[in-house]
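Remarks on the structure that follows.
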Amino acid sequence: MSRIPLGKVLLRNVIRHTDAHNKIQEESDMWKIRELEKQMEDAYRGTKRKMLPSSSSRMRSDGFDEESQRYYWRPKNEISGTLEDDFLKAKSWNKKFYDYEANMPDRWGHSGYKELYPEEFETDSDQQDITNGKKTSPQVKSSTHESRKHKKSKKSHKKKQKKRSHKKQKKSKKEATDITADSSSEFSEETGASGTRKGKQPHKRKKKSRKKSLKKPALFLEAESNTSHSDDSASSSSEESEERDTKKTKRKKREKKAHTSVANNEIQERTNKRTNWKVATDERSAESSEDD
């Protein structure tokens, strides 16, 4: 047998060693990728499992270091735990939110949006009821509500005007009564002063007892004259107001009669013109026929 040279043996050994090393490296890389995939699945599914690789699942070949592999997987496990916790918290909060939304009575529409756009929330049954007359549409309701408000505002405005006019009438009546009372008091004072002056001259020579007895009936007469004068002034003011009203009504009637008479005269003139025009045309036609 021929001997194999030493160089060729060394080359073969190097090739075998490199092949084995590459296989081991590829296998470790594949296991790393698989563990990362499992971590992602566990993070999204919320399952917990041990991430440290067991010694039985590893190939014990040349160049494999279990301690380095354990050191490599420690931070990965810590990161996966934090991710799982965050994912579980987010999932629980999402579940609570979904349950709250499912139990909401106004889930598919907002109340303010319903008020602004009620037509979009109407169903077929509501539309049928509206067409049959059982139900009123929201637009009709709003229009009726607005009309009622308008009517109420008109009524309140009329009531306010009536109250104001009534107050003005009361004020004018009070002013008239005050003026008449002042004038009657002034007139009574003047009459009383003149009466006392006249009564002093003939009674100078009489006794004091006579003067005292005469003072009381004089005051009583003055009060009676004042009351009678005030009554006369009030009655005279009421009579004056009635006379003014009657005068106004008479004037209005006269104006209406004059207007109607003028209108009747104009109508008669127009009719006369028309008849005269017809008569003139008839006469002209008769004259033309005679000439022929």
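Placed from the backbone N, Cα and C atoms, the Cβ positions cover glycine too.
Annotation comment: Swiss-Prot describes Lys8 (among others) as SUMO2 cross-link, evidence class a large-scale study or a structure entry. Sequence-distant contacts of Lys8 (SUMO2 cross-link), defined by Cβ-Cβ distance under 8 angstroms and a gap of at least six in the same chain, do not exist. The secondary structure of Lys8 (SUMO2 cross-link), as reduced to three states from DSSP, is helical.
Residues or ranges marked as region 'Disordered' by Swiss-Prot: 47-67 (among others).
According to Swiss-Prot, the feature SUMO2 cross-link maps to Lys76 (among others), an assignment based on a large-scale study or a structure entry.
What Swiss-Prot records for 122-292 (among others) is region 'Disordered'.
Taken from Swiss-Prot, the feature compositional bias 'Polar residues' covers 128-140 (among others).
Here Swiss-Prot flags 147-173 (among others) as compositional bias 'Basic residues'.
The feature compositional bias 'Polar residues' is assigned by Swiss-Prot to 180-194 (among others).
Sequence annotations record features per position, and here Swiss-Prot assigns compositional bias 'Basic residues' to 197-215 (among others).
If you look up Swiss-Prot, you'll see 247-259 (among others) marked as compositional bias 'Basic residues'. In terms of DSSP helix, strand and coil, the compositional bias 'Basic residues' (247-259) has 13 helix, 0 strand, 0 coil.
Residues or ranges marked as compositional bias 'Basic and acidic residues' by Swiss-Prot: 280-292.
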